[in-house]
Amino acid sequence: MPTTFKEIPRERPVTPLLDRADTPHGLRRLGEAELETLADELRLELLYSVGQTGGHFGAGLGVIELTIALHYVFDTPDDRLVWDVGHQAYPHKILTGRRARMSTLRQKEGVAAFPRRSESEYDTFGVGHSSTSISAALGMAIASRLQGSERKSIAVIGDGALTAGMAFEALNHAPEVAADMLVILNDNDMSISRNVGGLSNYLAKILSSRTYSSMREGSKKVLSRLPGAWEIARRTEEYAKGMLVPGTLFEELGWNYIGPIDGHDLPTLIATLRNMRDLKGPQFLHVVTKKGKGFAPAEVDPIGYHAITKLEPLNAPAAQKKISAPKYSGVFGQWICDMADADARLVGITPAMKEGSDLVAFSERFPERYFDVAIAEQHAVTLAAGMACEGSKPVVAIYSTFLQRGYDQLIHDVAVQNLDVLFAIDRAGLVGEDGPTHAGSFDLSYLRCIPGMLVMTPSDENELRKLLSTGYLHTGPAAVRYPRGTGPNAVIEASLDPLEIGKGVVRRQGQGVAILAFGVQLAEALVVAEKLDATVIDMRFVKPLDEALVSEAAANHELLVTLEENAVMGGAGAAVSEFLARANILKSVLHLGLPDVYVEHAKPAQMLTECGLDAQGIEAAINERLALIG
């Protein structure tokens with residue numbers, strides 16, 4: 001097995017067993033003695049395929065044996081297998097007929113980064129966001145029972161995803177309806193229990209066996225006739241299990257808890273899954289795996305190797321280093337440290353996005369003012385509200401797509417009370433290869449309808465810093481949305497002074513057409529404006545809108561064009577049209593933004609072209625409208 005990136009194969013490895021097991025039907029024709037070798041081949045294939053395309057890396061390496069065991073024991077796709085989030089689903093995709101297409105992973109019209117129902121019958125539920133698997137599998141189990149089917153429903157969820165309240169809502173509900181389902185906890189950093197070994201594996205086999213289950217039920221019938229005897233027996237059993245297993249919480253919720261067992265021990269996995277397959281009621285299996293298993297760098301640094309970029313051929317010439325602009329997240333990371341130095345009231349909150357939101361430096365410099373709440377967006381927002389009530393100044397660093405999960409709290413707990421909370425909304429707009437589940441397509445639409453909300457869209461790195469200060473120093477809730485990646489390399493001023501709220505700025509004076517740019521599409525607007533001699537306005541604020549500037553543009557131009565990387569429906573352009581209607585200003589308005597579809601995964605530039613938001617598409621749309629209005 002490779003131990004360095006140089007050793008990862010650049011050509012498809014020889015995998016005779018995997019060649020025979022590229023579907024679960026082929027897998028089940030293999031003998032159990034061959035599965036260990038198959039695991040080695042699948043791990044090598046995963047290293048090769050992700051090296052060709054880039055993608056999520058460590059999680060898949062950690063579930064090789066579990067994936068094989070699940071498809072070997074259960075009758076997929078008839079039995080429903082639901083993967084939480086989907087980062088770990090690449091081995092599943094390879095084993096379910098998509099091996100030949102893995103070279104298209106995360107590319108336009110290629111294999112998706114996450115399980116998709118439209119992609120394969122083995123992808124029984126589309127995922128991307130965390131902690132949905134148990135609810136989905138429970139719904140499938142209930143529906144199957146109502147239909148008279150005996151198919152099995154299995155949810156595989158990681159220990160990180162189990163921090164979200166939604167997962168526990170489902171865990172609480174399933175025993176109430178006596179659902180025949182299996183939840184597998186993939187504990188890949190041993191955060192819940194370290195109690196793994198031969199004795200624990202042996203106990204799991206016994207406790208999951210049909211013989212033990214029958215004996216337990218028989219004893220219950222006999223002892224229940226003797227006053228107090230069954231209660232004593234039950235407590236003795238719990239005490240004996242409690243010395244070896246950490247499942248008291250799940251048992252109290254009504255689950256039959258088995259484990260923890262070694263998630264890389266194929267014989268134990270297969271034996272335990274076979275036993276649990278035949279048990280009735282809600283079953284819970286705790287397996288412990290190692291993220292990045294089999295590839296030393298990923299085992300040592302599972303966070304750093306959560307995902308990797310495409311590997312270049314070994315003989316490729318060294319690429320010249322480019323002087324790159326700072327990432328927008330990096331600008332935020334520097335700003336929050338600077339503002340924290342200036343204001344001791346500042347606290348930073350994130351739902352498990354420290355690295356992605358660039359809060360590492362802040363967490364190290366201000367550990368007592370940094371709060372990572374794990375995958376708990378609802379809690380993050382209301383936690384910020386509580387802090388604001390007591391005079392702190394919370395900054396919630398969150399991805400646009402994940403803020404959707406805390407929307408009620410944003411309205412009910414923050415906005416209704418007009419609390420001073422700044423939302424630094426990263427990954428706004430299209431995000432590229434991760435596709436529609438991770439796109440920030442809707443934040444302008446769902447934020448601008450909230451009374452009292454300050455909503456801002458910077459056009460470059462310097463404006464981001466200024467608008468963050470503006471939102472932070474504002475009284476009431478505020479949001480600054482910014483995209484993934486880098487900007488145009490603007491000169492960033494050190495000042496923490498705010499901008500005047502609700503005021504845009506004219507970046508280019510032209511005639512005939514006025515382009516009202518909301519956000520980073522300003523750069524494309526300026527390119528188009530040079531060809532059309534158009535006026536370009538950097539609007540900066542979606543709410544409050546610079547109504548005076550819009551009125552002036554309407555009075556002096558034949559056509560107004562609104563430009564945003566947000567859904568056209570309800571977005572910034574809609575705010576412009578709503579104002580014009582209220583002011584009784586009749587003007588032709590062209591709205592350019594994201595169409596009313598889910599934009600599929602591709603490179604960001606390809607997605608913008610598809611949506612008509614590159615310079616060529618913007619120019620074509622404007623010319624088409626000008627032709628219509630004569």
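One-based numbering along the chain as shown.
Cβ atoms here come from the backbone N, Cα and C positions, even for glycine.
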According to Swiss-Prot, His87, Gly128, His129, Ser130, Gly160, Ala161, Asn188, Phe295 bind thiamine diphosphate; which of Glu377, Glu390, Glu461, Glu463 is also listed for that site? Glu377
Would you give the longest CA-CA distance, in whole angstrom, between residues of His87, Gly128, His129, Ser130, Gly160, Ala161, Asn188, Phe295, Glu377, the set recorded as binding thiamine diphosphate? 32
C-alpha spacing of His129 (thiamine diphosphate binding site) relative to Asp159 (Mg(2+) binding site), in angstrom: 14
Determine, from DSSP, whether His129 (thiamine diphosphate binding site) sits in helix, strand or coil. coil
Count of other CB atoms lying within 10 Å of the CB belonging to His87 (thiamine diphosphate binding site): 26
Candidates His129, Glu377: member of the binding-site residues with the richest Cβ shell (10 Å): Glu377
